[in-house]
Amino acid sequence: MSSFGNNAGGGGREYHDDRSNRDHRHGNGGSDAGQRRREDHNSSYQSYRRPDGRQDSYGGGHQGNHGNSYGRREDDRSHSRDNHGGSRYGERDDRGNNGRSADNRYSQSNYNYDSNRGGQHYQRDNHGSKDDRGPMNQYNDHGSNHNSNSRNDQYRQGSYQGDGHSGYRRDDDRRRNDNDQARPYQSNRDSDRNSPRDHHNYNSQSSPRSHQGGQDRYSAPKEDNQRRYDNHQGGHDSYRGQNSGGYSGNNSGEYRNDYRSQQDSRDHRSGGNNSSSGFKNDGGFGGNDNRGFGNNGGGSFGNPNNSYRGNSNNIGGFHRSDGSNSEGVNAPVRAPRDWVPVTRDIDELVRETADRLADCDVGQDRAVEIRNAEKDVRLTSWTNSGLHPTILETLKRIKYNNVRTIQGAMIPQVLDGHDVLGQAETSAGKTAAFGLPIIDKILRMDEETRNKARQDDGPLALILAPTRELAAQIHEALRTYCQNTDIIVLLSYGQSDRARSLNEIRNGCDILIGTCGRIMDFTVKSHISLLHLRFLVFDEADRLLQDMKKDPLGHLGAIIKDAGFMESAATRQTIMTSATFNASVMTVANELMKRLPGQDEMIKIVLANGRLSKRVNLEFFECKGLAEKNAKLREILKQNVNGKTLKTIIFVQKKDQCDACAAKLTSGGMLAQTLHGDRSQDMREKLINDFKSNRVNLLVTTDLLSRGIDVSDLDRVINFDLPDGDPDQGADTFIHRAGRTGRTGRKENGLCVSFVDPQSDRDSLLAPKLVELIISQNLPDLKVPDFLDAMAKSSRGKSGTSGFGQRGGYGGRGGGFGGTGRGRGGGVFGGGGRGGDFGGSGNFGGSGGGGSFGGSGGGGGFGGVKPSGFGGSRNNAEPTSSGGGFGAPKAPTGFPSDNNDASEDAPAAGGFGFSTKAAQDAKKAEESATLGSSTFGTANNADEEPTETGADGNDDDEW
């Protein structure tokens, strides 16, 4: 086989070898170098008629196996760089080095480039056997098609100019200096056919990503090449979707994504247009519009992000650090470098806020307590709040008629200049609780103070949020409260235009809202000054610091070690708010927050009881395995109201599960979209706006949206997967997920539906916490399901007196595997008290609440009360305290005998250790007086390992 391309659109010639059935199209190399022979590697657009009469199309589509059509837009740009829908199922003709493969179902592509320049050809490893789902080596030297000098790293080939490739170039920010004005292929077929084939608009360094198979489609002016997606899902530039660029159902094949932003035009096509059940993906998934699963914003099945740079052994998807294989999930996608978040008109925000607050029932707010304060003062109305008159006028305009519970408790403390830790349930009004007093105090500042801050490019207030979505929501809320004032509120976070943000700050900024990564970057590079900072707010502080258990202060070092920040400590107020708190929050709080004279702790405003909003109803379904979950999900979603699908957020645990779940829904005719951290920020915001405006009613997401998205008319939340992590963390995440519904302004309660798998260790460990939440709701119609109650009892029996550790790892308050000592809380497997390594005084058991594997009795082996292994009896003496792991005080063998007596001193079964019933009751009573989670200074998981949510793909790290 051979094919010649006539450059620059000239009249190409056609050559045929002995296979007369093969018809070769002309290739347009884009240079004047004349003809180029492509031997052995089928790089031009080709079609040939097979002996069975079916026609195969290489490079631009395939009509063959299964009758699928993965067509390209035939604009006669017949060079092979425009890979619309390379065949996954297509017959491969890998000649020369590759040979012909009979089993071609999983071939990545047939587009094997032979450069003939510099002795290199760049070809996909098409030796793939049945399981070869992606290229082994993206760039191989000419002499070998296997594993020779693979360049699966950050270096990409440069321009495709004519019949060759330029030298390697770095795939980093230096690409922004290139003037890439690649033609975006927007013209129609007829006009394009009549136009000259001028491919000189591929400049000398055009698109470090496009030469591998797709034209550099999006190189809009000033756009970072990193966003220049040539992704037509042909599988040509690395592993773009497995079948023709996307997830394919039987005999369907069109995957298109033309989710567009204002800044760029994306038309990610792949495949034909005859799909019977394709996924409409205007940024996600769709129903029966025969459009695609193209997933422009990121995620699996046709992510427009080109290849997996810096990732070796890229076989069928990138391997994450946790060892799992994403099977086609692409790396995160960035927004264009000059992308700017949409700023909504203030009048629109006022109308929206007024509508939401009109039916607000403050009577459903949870009660809170004020601790460590000089006085317990609470607002009962805005008129006696002492807030600036301009603020009061604004509150009237937006119909904020009633003071919420958390606001009534927090605002007076902030106005008095105190540092405050504030806790409230979701949708309780925490943003106004810290925002209104900050605005009030800035309005009352003298002009000199404000001018100095502006001259030094420094904000007076800095508000940090864990996610960009939450930061954007806070920004809109504070803009609403600041209307008719001269206070400037700005927003800056990752993927938004950095230079523009800096220019805005330099023009004056009173309140700066952002995520940690962007703000720390500004601080380290001295782009902003923290010298004049008067207010520092950590909103959703537990989520903000949840991955920083080992050294939360170290991760914030760029801010808290800044010279200006340290100098402003005396005059700065620090405020932290969240529905829950953890040890990392307390570490930062103890370092940064001031206490009142005579107090050991800072002022805390805490929930008196219950942490879940009363506006949320709970439902639980037992689902054994993935198949039952999918069946139950379809059953629930088909229960429409008046023929309309209820607005629903579906939570899954990992990013790559989003697409699979949405695919199943879409194949059933339900329009679903996905949103997770691999989507570019512009797409994330576009999807959220579509969801809020009812253009989308089903949204499949990760815990990225468990906080910070306020959709007042959200009907339902479905926990397809229960949250991950230890039980306390899982319960906290569950509360935040459930809190997305039942928002302020809803006339009816929201609904949180959860699928619980009794075969899952994660679900079993979380079961006791879920039972606690159900009981804490204190709703007459809400009962604990029998299956969940059984799971909770079983879990408690396996994991100590309080199920996997309220204070100590793997155990009760006394620590691991059942111990009731208090003190430090022990290490993992450890009892209460300080203890020693593997016990303070005995083998594997410490006296006075030993360490690992230790109880708090006499310190026997593995925590028994006799100083011998496995906790034998001690002359049948009554136990004085709980036994440790593997030790029952009254069991001669060291293991428990059946004992149905419920005496106060009888040993009660615990996880590999036994505690007296009296001790358990005392512990239970003590815990009921706490906040329901490891909060506010109690010892909590001192040796708990970080969850690494950013690494394993479970969540989305905004650092």
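Backbone N, Cα and C define each Cβ position, glycine as well.
Record features, source Swiss-Prot:
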- Ala424, Glu425, Thr426, Ser427, Ala428, Gly429, Lys430, Thr431: ATP binding site (BINDING)
- 71-97: compositional bias 'Basic and acidic residues' (COMPBIAS)
- 98-118: compositional bias 'Polar residues' (COMPBIAS)
- 122-134: compositional bias 'Basic and acidic residues' (COMPBIAS)
- 137-160: compositional bias 'Polar residues' (COMPBIAS)
- 166-181: compositional bias 'Basic and acidic residues' (COMPBIAS)
- 219-239: compositional bias 'Basic and acidic residues' (COMPBIAS)
- 255-270: compositional bias 'Basic and acidic residues' (COMPBIAS)
- 271-280: compositional bias 'Low complexity' (COMPBIAS)
- 302-317: compositional bias 'Low complexity' (COMPBIAS)
- 800-834: compositional bias 'Gly residues' (COMPBIAS)
- 858-872: compositional bias 'Gly residues' (COMPBIAS)
- 942-959: compositional bias 'Acidic residues' (COMPBIAS)
- 411-599: domain 'Helicase ATP-binding' (DOMAIN)
- 632-792: domain 'Helicase C-terminal' (DOMAIN)
- 1-336: region 'Disordered' (REGION)
- 793-834: region 'Disordered' (REGION)
- 858-959: region 'Disordered' (REGION)
- 380-408: motif 'Q motif' (MOTIF)
- 539-542: motif 'DEAD box' (MOTIF)
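On the structure: features taken from Swiss-Prot.
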residue : record           : Cβ within 10 Å
Ala424  : ATP binding site : 26
Glu425  : ATP binding site : 27
Thr426  : ATP binding site : 26
Ser427  : ATP binding site : 26
Ala428  : ATP binding site : 26
Gly429  : ATP binding site : 24
Lys430  : ATP binding site : 24
Thr431  : ATP binding site : 21
Per-state residue totals over the motif 'Q motif' (380-408) - DSSP helix, strand, coil: 16 helix, 0 strand, 13 coil
Reported mean pLDDT - the motif 'Q motif' (380-408): 92
DSSP-derived structure type at Gly429 (ATP binding site), helix or strand or else coil: coil
